Amino acid sequence: MTREQYILATQQNNLPRTENAQLYPVGIYGWRKRCLYFFVLLLLVTMIVNLAMTIWILKVMNFTVDGMGNLRVTKKGIRLEGISEFLLPLYVKEIHSRKDSPLVLQSDRNVTVNARNHMGQLTGQLTIGADAVEAQCKRFEVRASEDGRVLFSADEDEITIGAEKLKVTGTEGAVFGHSVETPHIRAEPSQDLRLESPTRSLIMEAPRGVQVSAAAGDFKATCRKELHLQSTEGEIFLNAETIKLGNLPTGSFSSSSPSSSSSRQTVYELCVCPNGKLYLSPAGVGSTCQSSSNICLWS
């Protein structure tokens, strides 16, 4: 024991002691103590609930090291499994589906795919709606999956169909508002080919000729008014075993022989008026064609 400690101990023992000394308690007592315990208990309960909610959210959302739920973060990008809903616009560079499943895009109203340039301007748009599918771009192309050749292309100047055959199955056929250029028009086997213009003219032109062929059927040309066959530099050639001209008018012929009018006429002579009109005249010993016939005079 040191000297200082000894002096302090002897001094404390020599101090007079009072019998009625008052003691003051040190600490938190009463309602303050109860409030402190209540807040500590409330904080503990909050921590437990918070921890339980965190564990429940991690369990429900399926948080892992690779991602969250159906969302997986890989080196190549983000991978989604199952059905995913996007409430806001989605900006991506490429969208791929799995090798064993298709890619399905679904919306309650429509599906719109936009393409923009580096300045943010809209360069192409594809909209799939409930009533129509609209494509807005400079050029629209449909290519074959095998060799990549263009099956259909459309732009402001022309529409090109690259398929081997264009088949129209509608009952009204194909309606063209303007001219059509094609090297070959044919119908399906055992079907009729019909070219019709209900309110205007139908014109077929070709610099090296127009050929109409019906190998196993008839060829009919019907019109309401006049049918013109015109050759400016050549000739009109009719070649068939039998050539029939029906509904030709019959001209009158005055004969001095009374027997010709009484007998039934079965043979007629084909006559031509100066204006080119054909008519029939009763055949006789000589020619019965007359330029003064009523057919030529009234034509």
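Cβ atoms are placed via backbone N, Cα and C, with glycine included.
Among the features that Swiss-Prot reports, topological domain 'Cytoplasmic' is placed at 1-37, with the record citing sequence analysis.
The transmembrane segment annotation in Swiss-Prot covers 38-58.
Marked as topological domain 'Extracellular' by Swiss-Prot on the basis of sequence analysis: 59-299.
Spatially close to Asn62 (N-linked glycosylation site) yet at least six residues away along the chain are Met68, Gly69, judged by Cβ distances under 8 angstroms. The N-linked glycosylation site annotation in Swiss-Prot covers Asn62 (among others) and rests on sequence analysis.
As annotated by Swiss-Prot, N-linked glycosylation site applies to Asn110 (among others), with the evidence given as sequence analysis. Cβ environment of Asn110 (N-linked glycosylation site): Thr127, Ile128, Gly129, Ala130 lie under 8 Å away, each six or more residues apart in the same chain. Secondary structure at Asn110 (N-linked glycosylation site), as computed by DSSP, is coil.
Around the Cβ of Cys289 (disulfide bond), 17 further Cβ atoms fall within 10 Å across all displayed protein chains. According to Swiss-Prot, the disulfide bond annotation covers Cys273-Cys289.
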- Please work out the number of neighbouring Cβ atoms within 10 Å of the Cβ of Cys273 (disulfide bond), leaving out its own Cβ. 17
- Message: Just to confirm my parser: what is the rounded mean pLDDT across the topological domain 'Extracellular' (59-299)?
- Response: 81
